[in-house]
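**Student:** Starting off with a structure, shown below.
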Amino acid sequence: MELASKYNPADVEGKWYQYWLDHKLFSSKPDGREPYTIVIPPPNVTGVLHMGHMLNNTIQDILVRRARMEGKNACWVPGTDHASIATEAKVVNKLAAQGIKKTDLSRDEFLKHAWAWTDEHGGIILKQLRKLGASCDWDRTAFTMDEKRSESVLKVFVDLYNKGLIYRGVRMVNWDPKALTALSDEEVIYKEEHGKLFYLRYKIEGEDGYAVVATTRPETIMGDTAMCINPNDPKNQHLKGKKVIVPLVGRVIPVIEDDYVDIEFGTGCLKVTPAHDVNDYMLGEKYNLPSIDIFNDNGTISEAAGMYIGMDRFDVRKQIEKDLEAAGLLEKTEAYTNKVGYSERTNVVIEPKLSMQWFLKMEHLAQIALEPVMKDDIKFYPAKYKNTYRHWMENIKDWCISRQLWWGHRIPAYFLPEGGYVVAVTDEEALKLAREKTGNPNLKMTDLRQDEDCLDTWFSSWLWPISLFDGINNPGNEEINYYYPTSDLVTGPDIIFFWVARMIMAGYEYEGKMPFKNVYFTGIVRDKLGRKMSKSLGNSPDPLELIEKYGADGVRMGMMLSAPAGNDILFDDALCEQGRNFCNKIWNAFRLVKGWENGMGTIDIPADAHLAVQWFDQRLDAAAVEVADLFSKYRLSEALMLIYKLFWDEFSSWLLEIVKPAYGQPVNGFIYSMTLSAFERLLAMLHPFMPFITEELWQQLREREPGASLMVQPLGEPGEVNEEFLQQFETAKEIISSVRTIRLQKNIALKEPLELQVVGANPVEKMNPVIRKMCNLSAIEVVDAKADGASSFMIGTTEFAVPLGNMIDVDAEIARMEAELKHKEGFLQGVLKKLSNEKFVNNAPAAVIEMERKKQADAESIIQSLKESIASLKNV
């Protein structure tokens with residue numbers, strides 16, 4: 001079959017992906033081989049493929065494909081996350097477009113809409129990953145709300161509750177007024193904002209004077225129940241034991257004392273609003289202050305405030321400023337910059353709010369999860385993230401796990417008619433416990449009321465490495481014993497606490513061991529200007545359009561060339577173009593080599609070609625060792641670059657040029673076979689990075705058995721490397737490059753044969769056949785002294801010379817070299833001037849001084865060589 005002149009990914013990618021699926025090459029079942037397991041960070045069902053997914057899943061696929069070729073039983077488990085807040089928001093918006101409000105529906109009616117939306121959209125991103133070449137075991141596709149995962153979540157909730165680690169209580173939480181739910185601390189993003197500091201006058205009861213308070217939130221004065229001063233603050237001693245009147249509101253509140261108050265902030269007087277500030281809440285608890293909740297769940301003012309009822313909180317801030325000023329109770333305002341908490345999900349300002357919620361105690365779980373990372377039982381790549389992890393774990397707070405949403409795992413708590421509640425996985429178990437607790441055998445299920453809230457989405461995904469193998473429902477089953485702990489986790493550092501830390505906690509709590517052995521943290525994908533990719537900036541390309549334009553292999557290569565481990569990626573379409581060009585280079589090299597097949601003859605093995613195939617075979621062995629080492633350190637970008645250079649610079653530019661038969665001449669069968677074998681080994685090394693083109697060409701190389709695939713071919717062990725032989729060949733390459741440079745400088749055509757003189761002894765005599773062919777030499781001669789007028793160069797300590805005879809215009813060459821000599825002498829003077837400057841030598845870094853000294857040595861060497869060459873030419 002004749003290959004097309006140009007590689008067309010569209011002809012190849014769909015064909016081979018379907019072939020891999022048809023032959024179950026992604027599938028995995030427990031057997032006697034060493035397992036290699038990766039669980040996909042489950043993308044949200046609301047999601048479509050973006051550049052972050054592309055990077056993360058390209059890396060996972062590279063690791064999985066490499067493991068298969070190492071003979072491991074590779075299992076990459078895909079799945080999606082139900083994403084409570086994001087999905088519920090999508091469904092609410094869809095219903096709103098149809099004129100339906102969530103509040104008009106029952107829970108069951110709403111969930112029918114949510115499931116329908118999920119069924120329609122939930123699999124989109126996984127289908128898109130196939131375009132990338134992701135070799136997931138699709139038969140194992142899971143969903144965080146499927147039956148097994150849901151049962152696992154409920155069992156863990158009940159277990160942790162029974163262990164005393166889950167409790168219910170009124171606490172200050174982060175409230176999202178748009179999503180109408182509590183958030184964990186980790187779901188709050190703090191942004192720096194330029195606002196105002198308002199100085200408010202609180203009249204001292206029974207006196208004419210005022211106490212002035214500085215606040216960023218004047219709209220919360222309706223919830224003030226105290227003023228607090230620092231007992232050590234000399235400027236506010238006169239307020240001790242007094243009472244003040246809340247401006248506009250008229251409420252009389254006490255002045256309390258606590259050294260928590262910062263004397264330097266504002267006036268040193270603090271308004272205390274226990275229902276709407278975390279620190280004020282703690283003061284309220286300490287001094288038994290009343291708590292007035294002035295906000296409705298949607299961020300409007302509640303009836304409890306007594307004024308501005310129903311207005312939005314930010315509208316009230318504007319209005320209350322005017323009202324305070326009109327009443328003479330606003331002393332002044334100042335520009336002020338502070339950090340404001342935003343909901344990660346809805347991007348609205350969160351509201352600290354007292355709320356009845358469910359919490360998970362974290363101290364015990366954090367203790368068991370910290371040491372394995374700090375001791376490198378679980379390795380982080382890059383290791384710098386260990387410090388981030390430790391900081392989180394040592395400053396951990398209890399996890400608010402309840403959400404005021406319907407889409408998600410409903411909390412398995414059931415309230416009793418007379419108060420109190422029971423916790424159980426099923427209705428039947430709950431009823432049994434309720435009858436026992438109340439002593440009433442006649443209780444019916446309809447007498448119980450299940451908690452309306454659902455669990456934080458992360459409460460299901462923290463069990464992911466265990467629940468995927470059904471380890472919660474069926475402890476010790478064959479799959480959990482075989483696949484767990486998993487091998488590598490590839491994820492972003494932004495969810496190191498949300499997900500990575502919590503999976504480690506769950507792993508040790510429920511399996512008694514780590515959930516994964518290594519964590520590879522990817523960087524953030526940025527554009528070439530260093531900006532984070534986002535829809536609003538319009539700088540985030542559509543991954544599917546990139547694949548259509550450059551091919552999946554081209555895009556994968558572009559991503560990986562710009563992806564140093566753990567550092568941010570500066571992505572540029574030009575890198576995908578480079579990847580596509582590399583595909584064409586591979587394609588054309590294959591066409592060239594296969595084109596020799598019809599011209600094979602029974603000629604003797606050419607000495608130059610024999611040396612070349614021996615050399616490249618050893619280069620492949622050496623490269624295989626280097627690539628394995630880079631994979632072990634997760635330096636995948638460097639591994640790809642090494643293979644790229646091996647193919648482009650050494651296979652194409654050297655091996656093929658040496659073994660290529662002259663036009664119209666046959667190729668030796670042994671040389672052809674060795675070249676094909678080298679090509680096949682290169683395809684195997686490249687396959688994890690570029691699976692489609694490598695599979696296509698591997699199948700074309702020779703006849704294959706039905707169902708055979710490069711992706712399951714063993715890489716094999718590299719052979720012994722003769723370092724001396726490799727070094728001699730490298731020296732030969734340097735000689736060839738130097739002779740070619742002389743031809744270029746002297747404008748001597750390659751068809752004109754030259755002689756090469758070796759002064760003293762030839763250190764690479766064994767390589768003469770290669771040097772002779774690649775330089776078109778009539779002779780290689782060992783001499784005591786080079787010929788007059790010869791152009792020379794040094795390789796190591798050996799001098800080589802090319803006698804030029806009548807091939808050049810001597811006068812013109814002398815003039816050219818004298819001009820170069822003048823330039824180099826001027827350059828040297830500049831370097832020497834810098835090195836003679838004591839200030840420079842005493843203050844510059846050692847590396848900079850060393851670089852200048854190297855410039856001096858190099859310039860002096862070139863000047864000496866030029867002077868000798870000029871003198872030699874003048875003797876001609």
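A Cβ is built for glycine as well, from the same backbone N, Cα and C atoms used for every other residue.
For reference, Swiss-Prot lists these features for the protein:
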MOTIF     43-53  motif ''HIGH' region'
MOTIF     532-536  motif ''KMSKS' region'
BINDING   LYS535  ATP binding site
COILED    805-826  coiled coil
COILED    853-875  coiled coil
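Could you place the listed features in the three-dimensional structure?
**Tutor:** Only residues 6 or more beyond the boundaries of the motif ''HIGH' region' (43-53), in the same chain, are considered here, and those with a CB under 8 A from a CB of the stretch are 80-83, 86-87, 90, 118, 121-122, 124-126, 128-129, 132, 143, 492, 522, 524-525, 533, 540-541, 543-544, 571.
Sequence-remote contacts of a segment are chain residues at least 6 beyond its ends whose Cβ falls under 8 Å from one of its Cβ atoms, and for the coiled coil (805-826) they are 746-748, 752, 789, 859, 862-863, 866-867, 869-870, 873-874, 876.
Proximity of distant same-chain residues to the coiled coil (853-875), defined by a Cβ-Cβ separation under 8 Å and at least 6 residues beyond the stretch ends, is recorded for 786, 788-792, 794, 810, 813-814, 817-818, 820-821, 824-825, 827-828, 831-832, 835.
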**Student:** When DSSP states are grouped into helix, strand and coil, how many residues of the motif ''HIGH' region' (43-53) land in each?
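**Tutor:** Here the numbers are 3 helix, 1 strand, 7 coil.
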